[in-house]
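K.L.:
Below is a structure I'd like to ask you about.
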Amino acid sequence: MRVFVAVEPGAEQLQEILPLMQRLNAKAPSAKWVDPAGLHISLAFLGDIAEERVPLVIAAAESASALHRPVTLRLGKGGVFGAGRRPRVLWLKVTGDVEELGAVRRDLEQALAMSTGYVPEMERFEPHLTLARSRDPRGDPGLEACAQELADADFGEVRVTEIVVYRSELTPKGAVYTVMARAPLTSLLQM
């Protein structure tokens, strides 16, 4: 089963983002838009793992989350991943307590490495909220137009109080995410 760990945007932000995604769809109609119910900020993607290893992932998430307090993030400004005029991914930038969120991720990766053999990603952590992906591997110029429209976007702050372990099931209509566990950020220590 495919498993990943993430944090969720707030319900208030989702209410603002959904109509925006519907409007932007006209600028990039061939893109694959993320199901709003599945919007998340990824911390760790484990890929396919055996079902009996899921409790180890949940325990690692709980262990890491217990070391940290809730964090405040801000969602805004659009951008793209992909070279030149052929972007492949449209996203919203995450700002705010990103250093603290990065610390949550590091502790999560360390706990996952010890319990499951997970190999942490070596690239720099750039938290973002993916809105759409190009169906064409060469990219979709419409996504750049969407990013330009989002240049001054601000969806406000969200208080993140937990990390979430998800199962991802691939279907012909796209990935379906199911919450397997929620691990509250509960540390009382000043970081």
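Glycine too: its Cβ is placed from the backbone N, Cα and C atoms.
Reproduced below are the annotations present in TrEMBL:
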type	residues	note
ACT_SITE	H40	active site, proton donor
ACT_SITE	H128	active site, proton acceptor
MOTIF	128-131	motif 'HXTX 2'
K.L.:
Give the number of CB atoms, excluding that of the residue listed as 'active site, proton donor' itself, located within 10 Å of its CB.
P.N.:
18
K.L.:
I need to check the long-range neighbours of the motif 'HXTX 2' (128-131): which residues 6 or more away from its ends have a CB within less than 8 Å of a CB in the stretch?
P.N.:
9, 17, 21, 24, 33-34, 39-41, 75, 78-79, 89-94, 146
K.L.:
If I restrict to non-local contacts, at least six residues apart, and a C-beta distance under 8 angstroms, what lies near H128 (active site, proton acceptor) in its own chain?
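P.N.:
Result: I41, G79, W91, L92, K93, V94.
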K.L.:
Could you find out if DSSP has the residue listed as 'active site, proton donor' as helix, strand or coil?
P.N.:
coil
